Each structure stands twice: as C-alpha cells, then as structure tokens.
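The active site, proton acceptor annotation in TrEMBL covers His238. Here TrEMBL flags Cys246, Cys249, Cys299, Cys302 as Zn(2+) binding site. What TrEMBL records for 1-10 is compositional bias 'Polar residues'. Residues or ranges marked as domain 'Deacetylase sirtuin-type' by TrEMBL: 114-396. Positions annotated as region 'Disordered' by TrEMBL: 1-29.
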Amino acid sequence: MPRSLPNSLPSHLHESHTSTAGRLPKPNKVPSRFVATSVITTGSAAVAAAASWQQRRSAFGQAHLTRTRGLSSVAGLAFTYNSMSSNATDAKQQQVERLPLMTLDPTKTMPQSARATDEQIQQLAEFIEQAPKIVVLTGAGISTESGVPDYRSPGVGLYVTSSHKPTQFREFVMSETKRRRYWARNYAAFPSFAQTRPNISHDVLARLEETGKINFIITQNVDSLHSHAGSKHVLELHGNGSEVVCLSCRDRTRRSDLQVVLERLNAEWSATITGFTPDGDVNLVDAGSIYSSFQFPDCSKCGGLLKPDVVFFGENVPAETVELARQKIRDADALLVVGSSLTVFSGFRFAKYAQELGKPIGIINIGATRADDIATFKIESHIGDVLWRTYQQLQL
C-alpha cells in the first residue's frame, strides 16, 4: 500500500532549481560516521544504521523518515548473518567493513532545471484527468532524486561525467575475465545498491495508481523502487537487480544471498569505490590489479553461469515482456514518459507504438528525448516537483 504523501516537498526539490547564479546549492553535510569509516554493518545494526542515516538526511524530507520496505535488501543480509555464531558474525563484520557504503546524495545526481510553470502543471493535470487509462514509462531519471545517477542528464549523467562503459552481454558470456571484472564491481556496489530508497516521484505514481489515475507502469530501471513505493502493476522491462539467474537451468536466487557467498570466497579482498551507476555497477580504484584475485561461484545446481536478472547492453528484452508492454499500451488511452531520454530502442519503441495507435504522449524529462517530435507536450523540470504539484492540483 502506498505511503501517505507529505504536505510539502522535500527540501532538495525546493532548492535545486537553477538559481540566478546558475548553480545548485551545496549538499547537506553527510554524517561523519559514514565519511570516516565507509562501512556497512550487519545484523540489526545494519537496519539501525540505515534508518539513522535516513533520518539525518534532511535533504530527503520528512516523507522518507519512516519507510521500512526499502530496508528489505539490507535486512536480507542481516538475517543471513544473524544465523551464524556470534564469533563468526564478529569476524564477518570485520570483513564486510572493507566494502565502502556510497553516499546517495540527490543534489549531486539531479541536473539543473528551471521550475515548471503553473500552466505546465495544469496541462499535466488535465492530461491525467482526460485519459482514464494511462501507462507510465519510466527511466533512470526518476531515480536521480534518490541519489542514483542516470546516464545522460546534462552535467551529471554518467556518460557526461565519466568514461563508464557498461558490460556487454556477449563479453560477459564469452570471457571469464570479463565476468570476474563484472562480479567484483557488482559485489562492491551491492551494499550501496541495497540502500536506495524511493523518492517522492515513486510515491506520487503509487498514489495515482491507487486512485485509478494510472493503470500500469513500464520501467527501464532495475532498482525495484516502484514496488518499494507501493505500486502494484509494474513491468520491469530490463529485469531486477535484486535477483540472480542461472543462464543454463534458469534457477533464481536472491542477490543478497549471493553476496554472502561472495564474501566467503573473498575474505581478504577489498576495494575503493569512486562512482555508482543505475544498474548496480561501480568504478573501482586500481581495478586492474584487484580483479585477478576476485573469486565468484557458478550455479550450485547445474554449474552454469550466474548473471544478475537484468538485461545487459547487447542483450534482447524477452519477447513476452515486449508483448505485454505493447498490450498495455494498446489498452491505454495515453502514454506518459517520465525520466527517460528514450535513447535506447527498448524504451523508444513503445513511444513509437503509442504514436502509431494515435495515443497522446506526455514527457517529463530534463534534456532531449527521441520522442520530442511526437509528444503532445513536454515538461523539462525535476520530476518530483512536477508530480507532487500535479497531485496537489488534482486534489485527490
């Protein structure tokens, strides 16, 4: 069930629009315990630490202080570690402290933007009111307000600020070296990936679904934040980063369970993280020398290759997933694109399909999209601010 929405916007949305000086405000100071130690603890301490960190981050606003579902990934690790003896748990905690916990700061991942006008908010509200069935297509841009960078946003996107190159599906399957490299990075990233929380954009969409204003969400994201926010009808186009699948027998397991296995195999391994990505990857310092010693398992049931249950670059979205998305668009009255440039064809094809069917298309995204020329309207502003004000306008 969706949470209650706040009476006011989180402070980072009030302050993060382009100022007369053209600069974003300085981010809130991060609690020193997370800067100095860069650790993730286990057991009940993990949940308490995450909750404490969340409460101290005023940038996320009062709306995010009581969320509990978002702690499920960390709690999954806690359950596993608590099953060990106290001595083993103490030893494991010392080992896990070698993995840094990245600070998820939305002021560093949100691009600059002018605030949407009241007229634009009214236009979006009318778009929602006039279309009984709306499908929402979301991309990485919706999670930037949770502190997760996207790929292409002006000034802050990964492809703009770094030389990050995602692992290709073919090289993952064909090269043991590439798999070793990938799993080392994914292992280091997982504690940070597990701490991500839904933001007010996810909350508003969940509430709009509950009130019948939207009837389906197609997301290109693998962070499960829509589900954590309470949305019930979500199609994860590119899979789910919280699960692992065997490419041979298709057996599935929780990613948090694999983290425990990786920890056991790499008791002496450590890494320094310099960046975090939307797909659960990171950049590591001195990566060339540390990859060679990293160990990773094969499938415990058949010995096949394990892979996160996400669609890699160069990998096809399952045909049945594409058909379900097309069906939902056929049944809808309109398509609303939120936080996606639609650069990748797997998302753009649905905008094209909606156009072919004569469905109106609305876009909320900072920066150009491939569907700009076919959109009914476009709002270039922060998603949380736009959706929250629109929700207020609808008086639901």
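Just so you know, glycine gets a Cβ as well, placed from its N, Cα and C.
Positions of TrEMBL features highlighted on the structure.
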residue	record	DSSP (3 states)
His238	active site, proton acceptor	coil
Cys246	Zn(2+) binding site	strand
Cys299	Zn(2+) binding site	coil
Chain-internal residues, separated by at least six, CB under 8 A from Cys299 (Zn(2+) binding site): Cys246, Ser248, Cys249, Asp251, Leu305, Leu306
Count the other Cβ atoms sitting within 10 Å of the Cβ of Cys249 (Zn(2+) binding site), across every protein chain shown. 12
So what's the mean pLDDT when you look at the domain 'Deacetylase sirtuin-type' (114-396)? 89
Sequence gap of 6 or more, Cβ distance under 8 Å: name the residues on the same chain that satisfy this around Cys302 (Zn(2+) binding site), in order along the sequence. Cys246, Ser248, Cys249, Asp251
Who sits close to the residue listed as 'active site, proton acceptor': which same-chain residues at least 6 apart have their Cβ under 8 Å from its Cβ? Gln220, Asn221, Val222, Val310, Val311, Val317, Ser346
